[in-house]
Protein chains: 4
Amino acid sequence: MKKIKKIAVMTSGGDAPGMNAAIRAVVRSCAYYSLGCVGIYRGYEGLIEDDLVDLNARSVHNIINKGGTILKSARSKGFRTKEGRQKAYENLIEREVDALVVIGGDGSFTGAVLFNEEFGFPVVGIPGTIDNDIFGTSHTLGYDTALNTAVEAIDKIRDTASSHNRLFFVEVMGRDAGFIALNAGVGAGAEEILIPEEDLGLDRMLESLERSRRAGKSSSIVVVAEGDKSGKNVYELASYVEQNLPEYDVRVSILGHMQRGGSPSCFDRVLASRLGVKAVELLLDGKTNLMVGLKDNLVISTDIKVAIAGGHSINHELLRISDIITT
Amino acid sequence: MKKIKKIAVMTSGGDAPGMNAAIRAVVRSCAYYSLGCVGIYRGYEGLIEDDLVDLNARSVHNIINKGGTILKSARSKGFRTKEGRQKAYENLIEREVDALVVIGGDGSFTGAVLFNEEFGFPVVGIPGTIDNDIFGTSHTLGYDTALNTAVEAIDKIRDTASSHNRLFFVEVMGRDAGFIALNAGVGAGAEEILIPEEDLGLDRMLESLERSRRAGKSSSIVVVAEGDKSGKNVYELASYVEQNLPEYDVRVSILGHMQRGGSPSCFDRVLASRLGVKAVELLLDGKTNLMVGLKDNLVISTDIKVAIAGGHSINHELLRISDIITT
Amino acid sequence: MKKIKKIAVMTSGGDAPGMNAAIRAVVRSCAYYSLGCVGIYRGYEGLIEDDLVDLNARSVHNIINKGGTILKSARSKGFRTKEGRQKAYENLIEREVDALVVIGGDGSFTGAVLFNEEFGFPVVGIPGTIDNDIFGTSHTLGYDTALNTAVEAIDKIRDTASSHNRLFFVEVMGRDAGFIALNAGVGAGAEEILIPEEDLGLDRMLESLERSRRAGKSSSIVVVAEGDKSGKNVYELASYVEQNLPEYDVRVSILGHMQRGGSPSCFDRVLASRLGVKAVELLLDGKTNLMVGLKDNLVISTDIKVAIAGGHSINHELLRISDIITT
Amino acid sequence: MKKIKKIAVMTSGGDAPGMNAAIRAVVRSCAYYSLGCVGIYRGYEGLIEDDLVDLNARSVHNIINKGGTILKSARSKGFRTKEGRQKAYENLIEREVDALVVIGGDGSFTGAVLFNEEFGFPVVGIPGTIDNDIFGTSHTLGYDTALNTAVEAIDKIRDTASSHNRLFFVEVMGRDAGFIALNAGVGAGAEEILIPEEDLGLDRMLESLERSRRAGKSSSIVVVAEGDKSGKNVYELASYVEQNLPEYDVRVSILGHMQRGGSPSCFDRVLASRLGVKAVELLLDGKTNLMVGLKDNLVISTDIKVAIAGGHSINHELLRISDIITT
């Protein structure tokens, strides 16, 4: 592999808190190692459209604590075509870029792998998504922040739930993965947690709520992942319970996109800083097709194909914990 | 009016941050003036059911910063009947309560007036609702906190809106009043604000959004009050725009009940403290049928019937300000 | 007065949350009224050094929610000299600037008045300081945010004070004015509040703390303004109490400069937006030597000399309230 | 070991966010497994004084999100004496308590070990301290929350530092361990980080600050742990820099006890829940003299003597990361 002199960095797919901190770490690492650095706007779409900008250490001043991504993000149809990727490659060559750091999720990494296979272009991935559904890292960028955002919102909802003796169904993000629902549910003291990975069964939920009520709980929170296994959406769930447990005064709240934003937690900032530095150092060492990640508080790297193919399963033990602590 | 020796306090209607701080101020004022104090659970409903508790200065320790209401709140059908009110009166007499402080909104005050008319029972109201829709006070308890909650959530949404060049419709509370939408909209830098008091016109909104886009704004927030004049709900508004401005990537977020909870702002805590003390002092002075409130940073009192009948109009000037600062 | 075609804006003196929102409102108002707009870096110092930048509507994108000031601030010795002011004037004329908006406090306004007297240059002031010590406005920019910052910090301190049955002396900002101490003290439920405007008397404080302890309060917070009348600094106060009430386990916390930063509250953002628009509109109307402000929730203007000369007195009633609610 | 029928739980030493969540998990686990549960107030001190309270599942309602500890904490001189421990033992036997869960740090665990050795009383420890300085767990309760508190405060300080081109020395907690300083420093983008474990050298700091200034950084943050190796306190450090780099406008801020309080982060709540359940289950399984902890996101247990004796070293790699990303 030829010596790396200039690195390009992009954010791709859904945005997540900590992406800016990761951009900053990549840019500052390039400056530290006397490499050039180029930012790509709007992910692969911007790469195809040559929407690039030179970045130096001062360009990323005061962004470590900002939500969103200064490089913006997008999903790209063009990059799924051979022509699109060819154009992307030419734009990188034109700018004398030698390697690419992609901050994003599975879909973004799949594009990176294809790009590497077709053009032999060095790529390293940094896992950035609030969903935490990526193999090869215990935590993805943004996940810890999203948990805090969800828990703080549910704390507020509990204030009003308690005041009115109500039952709230709170939907959190996670179409395919229950990480946010499970952890925010435990953290917020939710009575029930419904996730894509496990079918609690509606009857069991009814029984449990009924038991809670009899045990003297005057209000309850049920946290539901978007992709809950029951197949019912949160409004249907609420009206199902309303019909079967008419003594409950039921309300619904969908936390929505606010979970994607906000100033990153300290955890996410430190993680982003570590992964960003590592990504640049791997490329400098002549490595490619890797994803950086965290395992047991150490920074590791994984073959990016393995990361894409692997599943990241939730901690089922937490469902048991949840049952116990909401006794 | 006979000398007041014991005061009862309740929270009624929708809960609001600052209600606990007001309860604390009422209870501590009673202690300061050597009066007895009784808390009524669940508003008028609890009063009818004799769900009362003696409160002393220590009972309200460490609640000034808590959202919700330790006395809980409810809407009461029973209190709309003569029998219900008779029972409520008997419960107060039984406990030797001499006066009642009601923390709530218009509906709760209407009950208090009726109660006073029927039984000559001294009542004072403290305006507590996040909607700020009460005549006789510049600010109701909880309004300032709800604005901060809404603005912080919209800040997070803007992070992701900016990252993806999206248009978000964000629904905030306010079925009949646009206070939250108008102020949170200005505070969050929303491009458009739709409120119950004014029909902006859907065509004007389209024009304005189109103009924003041409001016180079890459993302936009439209803040919509629940009771927006257009009559369309927020999802209908979003799809209307999506059809007419297909270049926009539109999303919807409903902030919902989290706006009712959370630790009160300093403003709401100080306001609650001042109003709570004043309510007790008015009763001690032999006054009744008043609502306490704030005007020009001074605590005032208003005939409670005037407060109920009067309208509290929004500051239309803010709509003009909003147009200017989102140029 | 000649027609205004271009306006310059600066922030001066101590920074305060909401200054950016005010800059944005001034810049956007200029754009709305088709005026040119120039930003001056580092207040009068930057003006003398010709450290200016053209600003348009897009320049102030996404700053409404940012603490600090994008124009930076400084205190200027040069502007106190005739030569310095002459240079400042020449720089403005060179850029064809017709009027100046100064966001700051008393000292900054004094400079503006002098500048107007010497060169007939139109000036309008916007009160921006966390101290709220300016006549002619009920609220200065940043004051509401600083109160929330202080109260949230004291809430955290109370957690640990309660857990360990400790007495904390918490120093908040306010060298000459007790606004922050008084309101944050009431908002945080402080047992005692020491401010520059009133000498509580150390003996009375000892008595009060002793009474609290006997009444069963297991922990206490005393909020002290920097410029507390007793003349003792917070560490001396703490050791005075420790010596006289040895049963107390005493700790000190100085909140310090964090009170100047942070994302502005909704209140400060709306206030900044309204004042910024008004400042530009006054200049457009041919007015000068005014300070904009808030009174009874309406935007007003005051002769800037009157604002400088006038005192803004604290609400002594709040001291009485504080005594009652910490019974 | 005899079958466990009743468990006592206490918090001891410095309080930390998440202690309440751990108490809740212990109490609810006891309820789940049909065990009795007793809370001990003020740690070993309260145990000696028989300051105990029966706890059931409802007693710990709505505390998962509260800072501090409802059981209060204290350091105990009495427990260091044989008589004190004898009294403590008798009080437990009197109440028919069979085992003890201690939530605290090294010092608290040392007391537990001694107690077990003398009376054969089953004990399990849960690591609760913001300092993260305990062997046998990657994270102690409260550490993650304290990091977020510190970083949010430093973010605010940076707002004002940037506005005035100032250099701030910010002291964070950590008398013997640099975990908070190191991670909060990286998370807040601090230019320098001074910790007890490593002597950066004052000259190197001066050089680095000088280099930053020349590189165009207009403001800087230096994060200093209480127990910084240089031996100088934060005020001395500041004046040392002021003398040697007179072009810097230097300020000091000591974050202090607010770092111990506040609502726990989601991470700390989930960790507390998992550790609390595990502690009870270990005792039920007949285990004793263990400390529960987290390793690689799994709950583990360690011989409590090993935990006390072992050191928990900081991640020196983070110092290198910090150098790179503040280039």
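Including glycine, each Cβ sits where the backbone N, Cα and C put it.
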TrEMBL ATP site partner of D:R75, D:S76, D:G105, D:D106, D:G107, D:S108, selected from D:G14, D:G18, D:G36, D:G174: D:G14
Per TrEMBL, member of D:E197, D:E198, D:E207, D:E226 binding substrate alongside D:T129, D:I130, D:D131, D:R166, D:M173, D:G174, D:R175, D:R251, D:H257, D:M258, D:Q259, D:R260: D:E226
Site co-member for ADP according to TrEMBL, given D:R24, D:A25, D:V26, D:V27, D:R28, D:G189, D:A190, D:E191, D:K217, D:S218, D:S219, out of D:R42, D:R80, D:R158: D:R158
From D:T129, D:D131, D:M258: recorded positions whose CA lies within 10 A of D:G105 (ATP binding site): D:T129, D:D131
Shortest C-alpha distance to D:M173 (substrate binding site) - which of the binding-site residues D:V26, D:R28, D:D106: D:D106
Cβ-Cβ distance under 8 Å to D:S76 (ATP binding site), same chain, at least six residues away: D:S12, D:R42, D:G43, D:Y44, D:E45, D:I48, D:G84, D:G111
Other CB atoms, at most 10 A from the CB of D:G189 (ADP binding site): 27
Among D:R28, D:R251, which are binding-site residues, the residue with the most C-beta atoms within 10 angstroms of its C-beta: D:R28
Nearest-integer angstrom distance between the alpha carbons (Cα) of D:D106 (ATP binding site) and D:T129 (substrate binding site): 9
Residues near D:T129 (substrate binding site) in space but at least six apart in sequence (CB under 8 A): D:G13, D:G14, D:A16, D:G104, D:G105, D:T140, D:L141, D:G142, D:Y143
Most crowded position, judged by CB atoms within 10 A, among D:V26, D:M173 as binding-site residues: D:V26
Chain A neighbours, filtered from binding-site residues D:R28, D:G105, D:S108, D:T129, D:R251, D:M258, Cβ-Cβ distance under 8 Å: D:R28
Candidates from D:S76, D:R251, D:M258, D:R260 close to chain C, where binding-site residues are judged by Cβ under 8 Å: D:R251, D:M258, D:R260
